[in-house]
Amino acid sequence: MSNFAVSLPEVIAVLPAAGIGSRMLVDCPKQYLTVGGKTIIEHAIFSLLHHPRIQRVIVVIHPQDTQFSRLSVAQDPRISTVYGGDQRANSVMAGLQLAGQAEWVLVHDAARPCLHLDDLSRLLSITECSQVGGILAAPVRDTMKRAEPGIQAIAHTVDRQDLWHALTPQLFPLELLKLCLSRALREGVAVTDEASALEHCGYHPILVTGRSDNIKVTRPEDLALAEFYLTQRQSLNNDSL
């Protein structure tokens with residue numbers, strides 16, 4: 001039997017949480033709404049910190065945010081905070097500046113409270129076989145329609161065979177993500193997720209199949225769905241004890 005262990009690359013997580021979540025129609029940013037006994041952002045952070053390969057989580061907050069520092073998780077020594085910008089890409093870049101010499105960086109939405117540990121493990125395993133990185137994603141199951149420009153009328157059906165829903169976390173080499181985000185921002189490219197910045201630079205990140213219950217809370221009805229998933233998971237955990 002081997003007497004040495006393989007050393008896996010260090011991974012730092014960045015959690016952009018500087019948005020206001022206007023579609024939720026509530027007074028506070030959506031990441032501070034409570035679901036399953038904790039705020040959404042706490043669920044997101046704990047899902048990362050429970051994995052042994054995540055060394056640190058950098059939370060990117062709005063400059064006027066007064067709520068994060070009140071959470072108990074904010075006192076965890078593995079948590080750092082930095083102020084974000086007016087776009088997601090600017091906020092992620094701010095987080096990357098605190099990542100130090102980490103080889104890999106993992107970016108996760110603060111509004112995704114239902115990440116499974118096994119999905120995270122599968123994504124992290126690509127550091128052993130990829131130099132570009134990858135994302136959690138779910139194959140599209142529904143029939144997809146493209147609308148006529150500017151109106152809610154069907155133009156045609158889109159072939160779903162090669163379509164995937166992009167999820168988070170998304171995992172990339174730190175320096176590569178910095179390079180691609182910087183170029184995308186400089187060239188005015190709309191960056192809706194980190195993978196799109198790499199795509200703009202000609203890279204093809206891996207699609208790692210993730211669970212479809214890893215939802216992003218963006219609308220009021222998503223809260224009840226997240227509550228259901230988290231309660232169901234807790235019930236399964238209790239049954240296994």
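Glycine is treated like the rest: Cβ placed from N, Cα and C.
Per Swiss-Prot, the features are as follows:
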| type | residues | note |
| --- | --- | --- |
| SITE | R23 | site 'Transition state stabilizer' |
| SITE | K30 | site 'Transition state stabilizer' |
| SITE | R160 | site 'Positions MEP for the nucleophilic attack' |
| SITE | K216 | site 'Positions MEP for the nucleophilic attack' |
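DSSP classifies K216 (site 'Positions MEP for the nucleophilic attack') as coil under the three-state reduction. K216 (site 'Positions MEP for the nucleophilic attack') sits 10 Å from K30 (site 'Transition state stabilizer'), taking the C-alpha atoms as the reference points. Fewest Cβ neighbours within 10 Å among the recorded sites K30, R160, K216: that distinction goes to R160. You'll find the Cα of R160 (site 'Positions MEP for the nucleophilic attack') roughly 31 Å from the Cα of K30 (site 'Transition state stabilizer').
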